[in-house]
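Chemist: My questions all concern the structure below.
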Amino acid sequence: MEAFLVLLCLCVFLARAEAASGEGRSPAAAGTVLPLRVRVREVELEAPAANRLRFRHNVSLTVPVAVGTPPQNVTMVLDTGSELSWLLCNGSYAPPMIPAFNASGSSSYGAVPCPSTACEWRGRDLPVPPFCDTPPSNACRVSLSYADASSADGVLATDTFLLSGGAPPVAVGAYFGCITSYSSTTATSSNGTDASEAATGLLGMNRGTLSFVTQTGTRRFAYCIAPGEGPGVLLLGDDGGVAPPLNYTPLIEISQPLPYFDRVAYSVQLEGIRVGCALLPIPKSVLTPDHTGAGQTMVDSGTQFTFLLADAYAALKAEFMNQTRLLLAPLGEPEFVFQGAFDACFRGPEARMAAASDLLPEVGLVLRGAEVAVSGEKLLYMVPGERRGEADADAVWCLTFGNSDMAGMSAYVIGHHHQQNVWVEYDLQNGRVGFAPARCDLATQRLGAGA
């Protein structure tokens, strides 16, 4: 491990230079290409206790999809940590300003009856299996809940999904949740945008039976997330020669059911964490799932930041604070916890923090055969609405690694904020996930998905 870290530190500048160049192979015929957007959602900072904000996702990745006959254009959150895709349907109880899918206006829409094999068998991987509604409806009902305390309830249905990134467009029939009741702790419409840009639903991309990936027989897909709200790309199928050379890490499989292990997630093995060239002294047992399944590491596009279990988080926080003690001013408020899980926080004006970001030590999540490296502006997040000092000159900034235990999670999660300007490939055919630094704006242009 030590030799690997020395080589890694020597090569990091070369890797950054290659990524910045944007050079790659000439694109050949690619699979289905869809534009990928980072959407910032309005956040209501309602604290349940002083200086403690609820864990919630206020930034998501969205893709445009057309559903039904005739097609209705909708925007869906891309989530590799979820199984069942769903859409808010007309008549649903949902926050205002969110466009809904008109199920009655689609001739290809069909509700799954109950009892039926489709209802009982296809939902076997869901945390809460589908269940039969009371007569006279006899609908196959689904109930979904998420780590940020949002929830969705509705009926299992089928319809046609049209993926317009190909030539010609690809139409596929798929099961999804037609949601009639939705609850969230955060507004879903984008800041300063009209309702048409708000997400109508979620595109479930894990390995479960009802995921969009499984239903469509997709054996490889990839995405590249551009920083900010710039255009990124989602690619279903072959990359057309655009992808940079990737380092792969194998997916971890556990055959027996364990209470805290998600067997349909994209689980990889975290082998170490470094700050700069310093490998943190974390025992292997802390990074490996225990007998209950707690402690798995998941790659998740549906989670904004990265979360570490308490022991690993404490080691990272201590080393990062030590290495940045001459660069960053600690917030100095022990009771302040952003989103209920981020308590490594600092204060400073935007200009000074921007200048300091290039000098911050890189944090590396060392995987088996690959690494996710986090550097520069991706290490710190400016907390909305929090100012300190005379004339509110200082903003509050927090390290973008959170404490899983404080958030009520029993896993390590690599969120999409740390996947920006990284080409991420999910290779289900060979049971692996690949990573490589990339200029995602250039990759998006080469694939023609910047719209």
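Placement of Cβ uses the backbone N, Cα and C atoms for every residue, glycine included.
Please treat TrEMBL annotations as automatic predictions, because they have not gone through curation.
These came from TrEMBL, pasted as-is:
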- 1-19: signal peptide (SIGNAL)
- 61-436: domain 'Peptidase A1' (DOMAIN)
- ASP79: active site (ACT_SITE)
- ASP300: active site (ACT_SITE)
Chemist: Give me the mean pLDDT over the domain 'Peptidase A1' (61-436), rounded to a whole number.
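Modeler: The answer is 91, the mean pLDDT of the model over that range.
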Chemist: Cα-Cα separation of ASP79 (active site) and ASP300 (active site), in Å?
Modeler: 7
Chemist: Excluding near sequence neighbours, so keeping only residues 6 or more apart in the same chain, what lies with its CB under 8 A of ASP300 (active site)?
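Modeler: Result: ASP79, THR80, GLY81, ALA265, TYR266, VAL413, ILE414, GLY415, HIS416.
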